[in-house]
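What TrEMBL annotates here:
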type	residues	note
REGION	1-20	region 'Disordered'
DOMAIN	30-72	domain 'GRF-type'
TRANSMEM	165-183	transmembrane segment
Amino acid sequence: MASQCNSPPSPSTASSATSIGGDSTKIPICYCGVESCLKTAYTEANFGRRFFSCVNHKFGRSCGFFMWFDPPMCIHGRRVLSRIRERHERTRVEIEIESHLKTKEDEYAKRIARMEEEYGKRTARMEEEYAKCSAMIEHNMARLRLELVSTKYSHNDEKKFYRRMLTFSWVLIVLLLLPSMYVTKKEVGVSLPLAP
């Protein structure tokens with residue numbers, strides 16, 4: 001706290017008019033009977049605000065006198081104060097907007113992270129299912145190839161068998177018909193030429 005009291009207290013019975021900051025202000029008398037001292041508060045709640053307090057406070061025998069000193073503000077001070085308030089309001093709004101944007105940014109980042117995680121899981125599931133389907137298709141194709149090869153071999157075996165049977169049956173027919181033809185032609189009187 002700053003103080004405008006530099007001299008030791010002098011007792012007086014009435015308050016005196018003194019110039020404080022260009023204003024003629026009556027300095028109040030404390031409970032000790034001396035002029036009080038004008039000080040400036042530097043606390044967070046009342047920073048820069050001025051007040052009167054007992055002069056004897058410095059010397060350890062204060063009467064506990066305290067009174068705020070709030071003189072009327074000059075035009076320039078009001079202008080400065082209004083600018084400071086506007087600037088403060090703008091800054092407050094900007095901070096609120098930044099805070100809101102940061103919150104939204106964090107929400108969107110979390111959403112995007114969740115979506116990417118979900119996309120990754122779905123992609124992994126789809127790749128796994130694709131791999132299973134591909135393996136199943138390969139297995140089925142291999143089985144069908146084997147069946148086709150075995151069918152082809154069995155078909156070839158059947159073909160050979162039927163050819164042999166057909167050949168055998170023709171030979172049998174020829175053998176059965178040949179004597180009867182020979183007999184019929186002998187009866188007719190024609191002899192068959194023998195093969196050399």
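Glycine too: its Cβ is placed from the backbone N, Cα and C atoms.
Secondary structure of the domain 'GRF-type' (30-72) per DSSP, as helix, strand and coil residue counts: 3 helix, 14 strand, 26 coil. Mean pLDDT for the domain 'GRF-type' (30-72) in this predicted model: 85.
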